[in-house]
Amino acid sequence: MSAVIIDGKAVAARVRADVARDVAEFRAATGRQPGLATVLVGDDPASAVYIGGKRRSCVEAGMADLHQHLPADTPQDEIAALLDSLAADPAVSGILLQLPVPEGLDGAALVGRIPPEKDVDGLTTASVGLLARGLPGLRPCTPSGIIELLDAYDVELSGAPTVVVGRSELVGRPVAQLLVGRNATVTICHSRTRDLAAVCRGADVLVVAAGKQAIIGADAVKPGATVIDVGMHRTEQGLRGDVDFDAVREVAGRLTPVPGGVGPMTIAMLLRNTLLAARAAAEVGSLV
C-alpha cells in the first residue's frame, strides 16, 4: 500500500488562515499592527523571489510590510546601523535578514544584531540558546513547520525512535532539539555515519535534511514509518528531494512530497512567529 502523502500546502493554508484571523483580533484589541521588516542586500534573483513571497504573505495576513532593500555594495556598518534602527522601532515586530548576503559581508555578525524578541527566523545565538535550554522563544521556521506537519497528521512523537539525517544549523540540529522537546528518542546522522540505511531503518519518524538528492531509498525506511523530506534540488525533471519519492512511497506510512511538503510551511511559520513577537511586545508595552 502506498504511503499517505502529507499535504504541506493544506496544512500551511490552515496556519496562514489562523494567523490572519488572530492578526485581525490583535489589531482590534490593541490598535497595533504587527510589522515584518525584511532586509535584502543586493539583487540576487533567488533571494528577491524568496523575499517577494514573504512580503506578499505578510500583507495577506494583515501585517505591515516594512521591507528594506540595500545595494550590494552597502558597507557592513551601514547595514548594522539599519538593523539596530529596526530593532529599536516599536512598529517592527520581527526582523528577517535574507541570507546569504553578498560576498565580503559578515552575515553571522549582521544576524547577531537582531534582538531575540524580533528574531522571527530563530537564527541568532540567543535564539539558539533558548531552544537548546528548552526556554520560550521564537523557533526556526522550517524546523517548527516540520513539527506542525507531524502534529497535523497525528504522528506520535513521545518515545518514538526518530532519526534526523543532517546536522545543519538551519534544520538538522534545531529540528532534533524540537523533537527531543517532544520526548522523541532522537538519533542524528550525517556524512560520517556508518551504514546510514541501517540506522534509518530503526526510525518510526525519519527527517531527511542532508542536502543530497535521493540519499534515502526504500532500503533505508522501516515499513510504515513517517518520512519528512526537507531537501529541494532543481533537476531537468523538476524539483526533487533528499528522498527517492517513488521508491519510498511504497514502504513508508506517511511521506512529504517535494514540492508541496515542508516548503510551504516555512513562510507560514514565519507569519506565526511575527504574530507571536507582536503579542509579546504588546504585553511588555502594557506593563511599562
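These residue numbers are counts, starting from 1, taken along the chain as shown.
Every residue, even glycine, has its Cβ placed from backbone N, Cα and C.
Between the candidates S127, S144, S191, Swiss-Prot assigns the NADP(+) site shared with G166, R167, S168 to S191. Close to R167 (NADP(+) binding site) in the fold, though at least 6 residues off in sequence, lie R173, A176, I188, H190, each with a CB less than 8 Å from its CB. Apart from G166, R167, S168, S191, the residues listed for NADP(+), the same chain places the Cβ atoms of V165, G172, I188, C189, H190, A209, A210, G211 within 8 Å of the centroid of those Cβ atoms. On its own chain, G166 (NADP(+) binding site) has G172, I188, C189, H190, V207, V208, A209, A210, G211, V230 as residues at least 6 apart in sequence with a Cβ closer than 8 Å to its own Cβ.
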